[in-house]
Amino acid sequence: MNLRELVSALNDFASLSLAESWDNVGLLVEPSPPHTVNTLFLTNDLTEEVMEEAVQKKADLILSYHPPIFTPLKRITWKTWKERLVVRALEHRIGIYSPHTAYDAIPHGVNNWLTKGLGACTSVPLHPSTAPSYPAEGTHRVEFCTDNTEHLDTVLSKIKDIQEISCLTTLPARVEGEEQTRVSLNCSQKALLEVVALLSQNSLLYHKTEILLLQKPPLPHTGMGRLCTLSEPVSLSDIIERIKSHLKLPYIRLAVGMGKTLESPVKKAALCAGSGSSVLKGMEADLYLTGEMSHHDILDAVANGISVILCEHSNTERGFLLELRDMLAIHLQNKINIIVSEKDRDPLQVA
């Protein structure tokens, strides 16, 4: 499969527009074209050990959930391990693609997989994603009517000089039995102040002005984190065993909420794969489930009677790769070989 065709198919599987604005997603390393991909190699973290495995298994493209290139590289030398990853990838004509938070947001992604560790439940995103392309431009719509054609021409001329104005239209309209012209435009927050200042110079226009906030519609079942409602309440101790079984972990870290015990019932759980502090903060639930949280956010949760389960960052993500392999095989119509890294593992262990 041609690399660009494969990248397009991967983008169809999970739109990169769903990724967080701070993230670095998509094709990060591209060998010179044409580049054919026969073997797609999946990993959670692209370390040097994992890169050696990818080379040995003759991978043509590495899909690394976490982007190995995040902060800008000023040079590509043999000095640092991330630079060496790029050198090795290019030497062996291996592309690198990272979806990261795009996979967090999609309905069939990492957070959805993590909910399965709770048992039977329904879930909704904690922070819903919105449609990326609607409305196309502007944050506000301004509409007003006038029957003074000469004055309107002057106003429109001044509006056209304002930056960040779009979708400016004029249409005939009948208002209270009179023939008038309705003007509609989209504008940014900054431009809105200038438009309102202009219209306020004419009291008749100003009093007939309507301002609408343009909001992008939420995408169903899509977004960061999940709020899960269990079909039947279960004890905290039972939830712990379910999570350990799902993530194949011998242990987890636990902070019991104030006034709660291991036998306290859990009905609602808020979860976020990876680092959950910012996503979970302030959410009402019996339990927070994530990979890692800051010390003070844990203290806040516990003080509010919310128990916290931490499993280490990548342990809440890595198990998704096996499910991803099967989904991508169907999505790509079994046209390429897809393998999951055997060397990829969480860097932390109990000593």
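Each residue, glycine too, has its Cβ placed from N, Cα and C.
Annotated in TrEMBL:
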BINDING   H66, D104, H313, E317  divalent metal cation binding site
Could you tell me which of these binding-site residues, D104, E317, has the fewest other Cβ atoms within 10 Å of its Cβ? E317
Of all the binding-site residues given, H66, H313, which residue's CB has the most CB neighbours within 10 A? H313
Using the Cβ centroid of H66, D104, H313, E317 as the reference point for the divalent metal cation site, which residues of the same chain not in that list have Cβ within 8 Å? N44, Y65, H100, V110, A273, G274, S275, G291, S314, T316
